[in-house]
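Student: Got a structure for you, questions after.
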Amino acid sequence: MIRSYIRNIILAILSPLLTTPPPLILPPPYEKIIQEITTVLSINNYDDGSLAPIILRLAWHCCATYDMTTNTGGSNGATMRFVPEITDEGNYGLDIARAALEPIKQRYPAISYADLWTLAGKVAIEYMGGPTIIWKSGRVDYTNDRCTPSNGLLPFADKDANHIRKTFTRLGYNDQQTVALIGAHGVGRCHKRFSGWEGKWTRTPKTFSNQFYVVLLNETWSQGEVPETGKTQYFNADKSLIMLNTDMELIRDKSYLHWVEIYAKDEPKFFHDFSSAFAKLLELGIKRETL
C-alpha cells in the first residue's frame, strides 16, 4: 500500500514531463514573404514587364465582395479559390496572379491565402512607387465554399454613376473614397481575352501615380469598339490610351468630378486618400480572434 502511494506521487510529479507538448506553431516570417513577393513582380513575358498591377487587382477583387449590410464577403476566407467566385467574369485572368504567388504559399504554409493575397497587394502598390499601405495579418482560409459570395458583386465597367455609387456604398465608401480607389486604374491595362476591353489607361502603366486623373481630364475621348469583341470603350485621339464607361462617369457626375480635379492637381493628396481607402478595403469583413 505504501509502495502504491509512493508510485502515485512519483507519477504525479513526472506526468507533466512525460506529456507530449503540442507542436510549436511559429508565425509566418512576413519580412521574408515580402521579399519573395517583390521578386515575382518583375517579369519579362507579361504585359509591360510587371505582375504588380494584376496582383493589385487580385487583392482589390478578393476584398470587393464585401456587403456592409450583411457583414459578409471580403478577403477573409480566400473564397476566390471556390466556385462561384472563381468563375466571376470580373475575376477572369486572376489565375495568373494566384499562380505567381502559389510557390510562396507552398514555401510558407503558415500564411493564409487571404493574408498572402492582401499582403501582395500592399507590396505591389509600394513596389510601383505608390503610398505605404497599412496591412494587418490574421485572416483565415475557409475549408469549403459555404461562405463564398455570389457572383456579380464586383463593379461592372460598362455601367453608370448610379451603379458605381451603389457598389461602393455597399462596401462602405463615400464619393471621395470611391474616386480615390478607382485611381488604381492608373496602373496596368485591360485585356480583351479576359474582359473584352483592350488597352492601358496611362502612359506609365507600371508606375503608381495620379496620372489616371490627369489623363481623364486632359485627353479628348471618343467612343469606339474593340474589333474582336465588340465591347464599347473610349479612346484618346491617337488611340494609345483608353477609358471605360465607369471611368468617364467620374467626370460626368459632379460629385465625382470634384475629386477627380483635386487628385489631378495634387498627387500627395491622392496618395494619402488612396492609402487610407485601400487599407480600409483590406480590412472589410475581417473578424480576428482575440486572446
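Just so it is clear, glycine is given a Cβ too, placed from its N, Cα and C backbone atoms.
Swiss-Prot lists H61 with the feature active site, proton acceptor. Annotated active site, tryptophan radical intermediate per Swiss-Prot: W201, in sequence order. Sequence annotations record features per position, and here Swiss-Prot assigns heme b binding site to H185 based on sequence analysis. The feature site 'Transition state stabilizer' is assigned by Swiss-Prot to R57, with sequence analysis given as support.
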Student: If you skip the near sequence neighbours and keep only those at least six away, which residues in the chain come within under 8 angstroms of the residue listed as 'active site, tryptophan radical intermediate', Cβ to Cβ?
Tutor: H185, G186, G188, R189, Q211, F212, V215, L241, I242, M243, D247
Student: With Cβ-Cβ distance below 8 Å and at least 6 positions apart along the chain, what are the contacts of the residue listed as 'active site, proton acceptor'? List them in sequence order.
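Tutor: Correct list: M80, G90, N91, L94, L154.
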Student: Where does the residue listed as 'active site, tryptophan radical intermediate' sit by DSSP, helix, strand or coil?
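Tutor: Once the DSSP labels are grouped into three classes, the residue listed as 'active site, tryptophan radical intermediate' ends up as coil.
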Student: With every protein chain in view, what's the tally of Cβ atoms within 10 Å of the Cβ of H185 (heme b binding site), excluding that atom itself?
Tutor: 26
Student: So what sits near R57 (site 'Transition state stabilizer') in its own chain, CB-to-CB under 8 Å and at least six residues off in sequence?
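Tutor: When sequence neighbours closer than 6 are ignored, R57 (site 'Transition state stabilizer') has L94, A97, G188 within Cβ distance under 8 Å.
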